[in-house]
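Summarising the annotation, TrEMBL assigns active site, proton donor to Glu302, Glu542. TrEMBL lists Asp435, Glu571 with the feature active site. Among the features that TrEMBL reports, Ca(2+) binding site is placed at Thr660. Residues or ranges marked as compositional bias 'Basic and acidic residues' by TrEMBL: 145-175, 197-213. According to TrEMBL, the feature disulfide bond maps to Cys499-Cys528. What TrEMBL lists as region 'Disordered' is 120-213. The transmembrane segment annotation in TrEMBL covers 54-74.
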Amino acid sequence: MYSAAAASPPRRDFISVTLSPEEAVGAGGYNNSKAWRRRSCWRKWKQLSRLQRSVILFLFAFLAVCGVISYTNMGEPWKSLTNKSLDDQRIEPEVPGLKLVNPAVLPAPQKADVNLGDYPELSPQKQPKVPHVRRGPPNLQIKPPRRDMRLKTQRDTSKVVEEPVQADKEEKTEKSVISWRGAVIEPDQSTEPPSAKIKEPEKTSSMEAEGQKEPVPINERQMAVIEAFRHAWKGYKDFAWGHDELKPLSKSYSEWFGLGLTLIDALDTMWILGLKEEFEEARKWVADNLVFDKNVDVNLFESTIRILGGLLSTYHLSGDSLFLEKAKDIGSRLMPAFNTPSKVPYSDVNIGRGTAHPPRWTSDSTVAEVTSIQLEFRELSRLTGDEKFQKAVDEVMKHVHTLSGKNDGLVPMFINTNSGQFTHLGVYTLGARADSYYEYLLKQWIQGGKKENELLEDYVRAIEGVKKHLLQRSQPKKLTFVGELAHGHFSAKMDHLVCFLPGTLALGAHNGLTADHMKLAEALIETCYQMYVQVETGLSPEIVHFNLHAQKGHKDVEIKPADRHNLLRPETVESLFYMYRFTGDKKYQDWGWEILQNFNKYTRVPTGGYTSINNVQNPSNPEPRDKMESFFLGETLKYMFLLFSDDIDLINLDKYVFNTEAHPLPIWMPA
């Protein structure tokens with residue numbers, strides 16, 4: 001209820017709206033045109049305070065600056081990624097068998113004439129299942145039997161490591177040439193990718209090649225090696241399983257140490273060839289049956305290079321700690337050999353009783369035997385952290401380094417374990433009893449990272465001694481060969497064992513030694529090949545004598561009846577492998593192929609295995625000896641397989657060094 005005073009006349013408010021003629025067109029109001037919206041937004045903007053308008057302008061300016069910065073940072077990577085994708089699309093059609101991210105089918109082998117149907121389990125594209133996965137040795141990349149997984153890991157790391165390696169290479173090429181007591185040593189080439197040494201003109205750079213590299217399929221010749229290995233292995237498995245050596249003709253076996261020499265020697269060969277089933281069978285035997293606590297005498301040198309070397313190599317390739325444990329066991333049991341007055345080891349050790357002794361007929365050891373166990377014992381110390389192994393063998397090398405009785409670096413064949421002095425002075429050879437001394441001088445230097453200058457000094461001086469005293473040329477083909485020197489008289493006798501030298505010389509040249517080492521290697525490997533070609537069966541005898549004077553109807557090579565046997569030795573094939581790996585010259589593969597065919601023709605036993613022969617000059621009856629040496633599987637067929645491979649990363653020679661039984665051990669890289 002209101003009072004009377006509140007009853008006043010009502011107040012009315014009015015709003016005046018003026019419409020322009022344009023706005024009155026049509027419906028006479030808002031028409032949602034662009035002009036109308038612009039004026040509406042502008043009115044709203046004008047209604048904002050000055051502070052509000054300033055804040056909005058600042059935000060827009062800030063976002064614009066951020067956009068410019070982001071485009072600058074992301075533009076180049078995005079552009080390179082786009083270009084790389086386009087490049088991949090361009091490359092794909094040009095490279096046969098290029099592996100796609102999700103391929104519909106497996107890539108076909110490079111050679112259409114390889115009949116993989118004959119070996120279905122050896123299809124090179126199949127990745128074997130790696131059993132017994134264990135942690136590998138420190139600072140070492142464990143490699144599977146096939147190469148595709150290895151290449152995958154290399155791609156992941158190549159971008160990180162390639163640039164520092166390339167920079168280091170460029171820095172080293174500027175260093176001055178080293179003069180080493182009269183021998184010129186060229187700048188270190190160890191960081192140069194091996195691919196640069198093999199003739200592959202389509203590869204423009206090592207970095208590009210690393211990024212594009214695909215697995216190298218197994219070729220027809222490698223398949224032939226695998227077939228030969230399986231045939232030899234069949235004979236061993238059927239008639240000599242767990243014993244030292246196969247006697248293929250009598251379908252039985254012979255024992256030397258009673259430690260399964262052939263099986264242990266062949267372990268890393270099976271791994272490299274990708275024979276996983278055979279490898280697993282052998283591994284099971286090692287785990288269940290290989291026992292070193294036996295009352296048996298073993299030769300220090302042979303058991304070191306075959307058993308210790310084979311176990312260490314297989315450990316590095318497979319990463320299986322079983323083999324390292326066995327290696328530590330046998331290594332420790334061989335140590336009593338060094339308990340001599342001079343620290344020059346005895347030749348024989350009883351691994352069960354822990355005693356050692358020289359041969360019954362002498363107190364001497366051969367120089368090769370006491371100076372060719374170093375790679376293995378040094379590596380055992382590195383893996384176990386126990387310095388006693390390396391200390392023992394290093395003392396031997398330091399002692400031999402200081403001895404008198406050398407002839408321009410050449411050493412006699414024997415050394416006394418009591419006095420520590422050379423004996424039978426005046427006789428110098430690169431054959432039996434001295435050969436691997438020279439080989440291990442270079443390889444220890446490489447193994448240790450090229451730091452032990454005494455080893456290099458002795459090696460270089462010895463090669464100069466070979467040139468001065470032992471090199472001659474034969475007639476009529478003027479083949480360069482290495483003879484022997486006995487009390488100042490030269491003998492044109494050359495063991496097949498000396499054919500290790502071309503490969504060793506090539507390895508030294510690859511690691512920076514003077515280029516004339518490679519020239520000498522090329523001349524000597526031709527000679528070693530002629531030791532096969534000039535013989536009726538195409539197989540080399542154990543020893544040859546060269547003609548120094550031209551005689552009508554005579555070849556360069558003469559063979560005496562006592563020397564015409566062939567033991568399936570690896571030395572020539574070994575050097576062919578090095579020569580092909582460092583030069584890329586296909587003729588070395590062809591020469592090796594000829595040798596393999598002749599092994600198959602004259603030494604293969606139908607029921608399994610291969611046999612050494614007594615007479616390489618009689619193709620109709622080579623007189624089989626009924627014995628397959630363990631090194632045929634451990635060395636000869638392994639080097640054959642590697643020779644026929646074009647995969648330079650299959651046992652990369654800048655990462656591994658082979659012991660004298662063809663067991664690869666890692667080169668010690670700086671931490």
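Keep in mind that glycine also has a Cβ here, set from the backbone N, Cα and C atoms.
Put simply, of the recorded positions Glu542, Glu571, Thr660, the one whose Cα is nearest the Cα of Glu302 (active site, proton donor) is Thr660. Here the Cβ of the residue listed as 'Ca(2+) binding site' has 25 other Cβ atoms within 10 Å, regardless of which shown protein chain they belong to.
Among the recorded positions Glu542, Glu571, Thr660, the ones whose Cα sits within 10 Å of the Cα of Cys499 (disulfide bond) are Glu571, in sequence order.
Between Glu542 (active site, proton donor) and Glu571 (active site), the C-alpha separation comes to 11 Å.
The CA atom of Cys528 (disulfide bond) is located 15 Å away from the CA atom of Asp435 (active site). Between the CA atoms of Thr660 (Ca(2+) binding site) and Glu571 (active site) there is a gap of 10 Å, rounded to the nearest whole number. The two recorded residues, Glu571 (active site) and Asp435 (active site), have Cα atoms 11 Å apart. Of all Cβ atoms in the protein chains displayed, 19 besides its own lie within 10 Å of the Cβ of Glu542 (active site, proton donor). Of all Cβ atoms in the protein chains displayed, 24 besides its own lie within 10 Å of the Cβ of Asp435 (active site). Each of the active-site residues Glu302, Glu571 was scored by the number of other CB atoms within 10 Å of its CB, and the largest score is that of Glu571. With a 10 A radius on its CB, Cys528 (disulfide bond) counts 27 other CB atoms from all the protein chains.
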